[in-house]
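First up is the structure itself, then whatever we jot down about it.
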Amino acid sequence: MSLNLPFPHRHLLGIAPLTAPEILFLLDEAERWVALNRAAAVKHDDSLAGLTQINAFFENSTRTLLSFEIAGKRLGADVVNMAVAQSSVKKGETLIDTAVTLDAMHADMLVIRHQASGAVQLIADKVDCPVLNAGDGQHEHPTQALLDALTIRRRKGRIERLVIAICGDIMHSRVARSDIISLQKLGAHVRIVGPSTLIPPHIEALGVEIFHDLDKAIAGADVVMMLRLQTERMAGGFIPSLREYHALFGLTVEKLKLAAEDVLVMHPGPLNRGVEIDSAVADDLKYSAITEQVEMGVAMRMACLDVLTRQRRGVKGWA
Ligand code: NCD
C-alpha cells in the first residue's frame, strides 16, 4: 500500500502503529457519518454494498459488537456475527484454524475480539482481508480510543493541552492503554490514577503522570475518564473490598467539584454504578458524555470500515 495515503495501513490492530495525522484523518472521516446516524429515518449508505463483514467475538460485548454490526449495516455490508459459544472453538479448534476458515469464506472485513493479547495480530497475519481489533486481552482497543478522541474533540473543540485523568483499573484495561497512546499523540497531558496494585509497572515509559490519590489526579482536569474494575482479569486480591475501593477511587459529585468547571466525564462502559462511578455523576448530562461515546462509536467504526476497505473496493486514489 502506498505510503502517501492518508491511512496507509492494511489493518487496525492498535493505536501504537498510527501517527497523529493518521488518527486525525480517521476522526475527520467519522465526522461525516455522525450526521447520517442522526437522520430521522433512513440511515443508509451503499459504500460497502456486496462486502462481507464477519464479527468474531471470543469475549463478551454489548456496545462494541452492536456498534460494529450497526456500522457495517449502515454502510450496506452483509454482516455476519460468528456465534463463538456454538462454534468449533468449543470443540478445540485452534485460533489459526478458525482464522483460515473465515478467510476461506472470502470475508472482506474481520472484526475480532479475543481474551488473549496479541491474538488479533495472529489472525491478521493469516488472512487476506483487513482485520479490525475490537479488543485483545489487556493490549489494545483502538476503536474505543478513536471514539473517545472524537467525543472529546467534539465537546472540547480540541485535544491538545487538555488535562485528562484516566482513573481506576489501569492494569487490566486495554481501553486505558489505547487511550493513553492516542491522547498523548494528539497532544493531551494524561494523568493516570489508581491503587498501586492496579497501575502496571513501567507505565511511566508512556509519558503519563502517575497518581495514587483521586483528588490530586482530578484537580483541575478537563476530562475525567473512569474505568471498570475488570474482575474477570483479576486472579487474586487486587483490592481489599469494593466498599473501600469506592471510598478511595469512586467518582462522586463531591469529588468531581475538584475538576475544571466544565469537566467532561467519560466511561467506556459497562458501568459498575456505585463502584467506580456514582449514578448522580454518570447520569448528569451537564458533565457526562457516556451516551455520546456510544453514539460516536457507530460513526467511528463506520469510518474505520470504510477507510480500510477502500483499496479492495477500488476507490479512486486508494486502489
Ligand atoms: C471495554 C472493553 O471491553 O475493553 N468495554 C468496551 O469495549 N466499551 C471496557 C470494559 O470491559 O470495562
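In case you wondered, yes, glycine gets a Cβ from its N, Cα and C as well.
Taken straight from TrEMBL:
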BINDING   Arg63, Thr64, Arg113, His141, Gln144, Gly269, Pro270  carbamoyl phosphate binding site
BINDING   Lys91, Arg174, Arg228  L-aspartate binding site
DOMAIN    10-153  domain 'Aspartate/ornithine carbamoyltransferase carbamoyl-P binding'
DOMAIN    163-307  domain 'Aspartate/ornithine carbamoyltransferase Asp/Orn-binding'
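The local packing around Arg228 (L-aspartate binding site), expressed as other Cβ atoms within 10 Å of its Cβ over all shown chains, amounts to 20. Of Lys91, Arg174, Arg228, all annotated as binding-site residues, the residue with the shortest Cα distance to His141 (carbamoyl phosphate binding site) is Arg174. For the recorded site, His141 (carbamoyl phosphate binding site), the DSSP three-state label reads coil. Of all the binding-site residues listed here (Lys91, His141), it is Lys91 whose C-beta has the fewest other C-beta atoms within 10 angstroms.
Arg174 (L-aspartate binding site) carries a helical DSSP state (H, G or I). Among Lys91, Arg174, Arg228, the residues given in the record as binding L-aspartate, the maximal Cα to Cα distance rounds to 32 Å. Mean pLDDT across the domain 'Aspartate/ornithine carbamoyltransferase carbamoyl-P binding' (10-153) comes to 94 in this model.
Counting only residues at least six positions away in the same chain, the Cβ atoms of Thr62, Arg63, Arg228 sit under 8 Å from the Cβ of Pro270 (carbamoyl phosphate binding site). Nearest neighbour of Arg174 (L-aspartate binding site) by Cα distance, taken over the binding-site residues Thr64, Arg113, Gln144, Gly269: Gln144. In this structure, Pro270 (carbamoyl phosphate binding site) belongs to neither helix nor strand by DSSP; it is coil. Taken through DSSP, the domain 'Aspartate/ornithine carbamoyltransferase Asp/Orn-binding' (163-307) splits into 61 helix, 24 strand, 60 coil. It is 31 Å from the Cα atom of Lys91 (L-aspartate binding site) to that of Gln144 (carbamoyl phosphate binding site).
Taking a Cβ distance under 6 Å to any atom of ligand 1 as the criterion, the binding-site residues Arg63, Lys91, Arg113, Arg174 reduce to Arg63, Arg174. Within the same chain, residues at least six positions away from Thr64 (carbamoyl phosphate binding site) with a Cβ under 8 Å of its Cβ are Phe57, Arg113, Ala134, Gly135, His141, Thr143, Gln144, Gly297. Each of the binding-site residues Arg63, Arg174 was scored by how many other Cβ atoms lie within 10 Å of its Cβ, and the smallest score goes to Arg63.
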